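*Asks:* Following this message is one structure expressed as structure tokens.
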Amino acid sequence: MLEFETIDINLTKKKNLSQKEVDFIEDVIIVGSGPAGLTAGIYSVMSNYKAAILEGPEPGGQLTTTTEVYNYPGFKNGISGRNLMLNMREQVVNLGAKTFPETVFSIKRKGNIFYLYTENYIYKSKAVIIAVGSKPKKLETLKNSGLFWNKGISVCAICDGHLFKGKRVAVIGGGNTALSESIYLSKLVDKVYLIVRKNNLRAIAMLRDSVAKLPNIEILYNSEAIEVDGKSSVSSVKIFNKKDNVVYELEVSAVFMAVGYKPNTEFLKGFLDLDEEGFIVTKDVVKTSVDGVFSCGDVSNKLYAQAITAAAEGFIASVELGNFLK
């Protein structure tokens, strides 16, 4: 099975003035390598289009940090997010798509050709599919969280959970991500406090049932984390219970934020129409404000952030690509 290549790229780095322009023009370049981008690649090459995938700083996308995916068709016992994405990548490569470990910093159109600028190269194509996904939001209202970033404040349990074995931690959120993170952490830590702003969980029933069976996960409903404290690292979090109108403190060694996602569209400002939250504005599901540029997955679909909907939109983008290139 193919493995993802580890990429160390500073996303704030300015464009390299000595970039080399590649000497080939693709029919389509797909920016991003999550379920949307890889599915778009699969269908594009199956339609005999020359396709290249610029994988970005996180090959495989957010799913590679998900322990188990239970709601993707075809896997009766679930599959790890990483293995699901490795399977997709192997499939698209076997079909003939090119993959490059590159991050796009800007896109320009000159005539009928799109120029995609990365750190080292300028790629060229007749059309572009944007599938860069989104990244976990930081909870800006949590006081002192910036002081303890990577010192007990995290947005990725699978990345950082091992640092807190045998300790007490908190997870903020009530959706699928928050419950998945809590379940994963429950296998490592002594206690998980799941801090839920509302009086119910938004996650799917399977995850809710799994959490209910785990004795070391305690759900705190109608609650907000308002402040973290500590010396060199997190040692406590203050909780405001809205129902009882009381503030109290929990001793924890880490706080994991699972409160939604922000689209990775900073490099598209001024090139495509974005909404007030930064998501790509689309019509007919995948068409953007620029002819020949299509968008699919979480970067434009903020209502249904699921692997299956991202993959479906990747297919739709490949169909619209065909209509554009005719």
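Glycine too: its Cβ is placed from the backbone N, Cα and C atoms.
From Swiss-Prot, for reference:
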BINDING   55-62, 298-307  FAD binding site
DISULFID  CYS156-CYS159  disulfide bond
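For each listed feature, how buried is it and what is near it?
*Replies:* For ALA305 (FAD binding site), the same-chain residues that are 6 or more apart in sequence and have a Cβ closer than 8 Å to its Cβ are SER134, TYR261, ASP298. In the three-state DSSP reading, ALA305 (FAD binding site) counts as coil.
Same-chain residues at least 6 positions away in sequence with a Cβ under 8 Å from that of CYS159 (disulfide bond) are, in sequence order, THR65.
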*Asks:* Using Cβ-Cβ distances, find the residues under 8 Å from VAL299 (FAD binding site) that belong to the same chain and are at least 6 apart in sequence, listing them in sequence order.
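*Replies:* Within the chain, VAL299 (FAD binding site) has Cβ neighbours under 8 Å at GLY32, ALA36, ILE130, ALA131, VAL132, GLY133, SER134, PRO263, ASN264, THR265, PHE279, ILE280.
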*Asks:* Please work out which residue of GLU55, GLU58 has the most C-beta neighbours within 10 angstroms of its C-beta, and give that one of the binding-site residues.
*Replies:* GLU55
*Asks:* If you count other Cβ atoms within 10 Å of each one's Cβ, which of the recorded positions GLY61, CYS156, LYS302 has the most?
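*Replies:* It comes out as GLY61.
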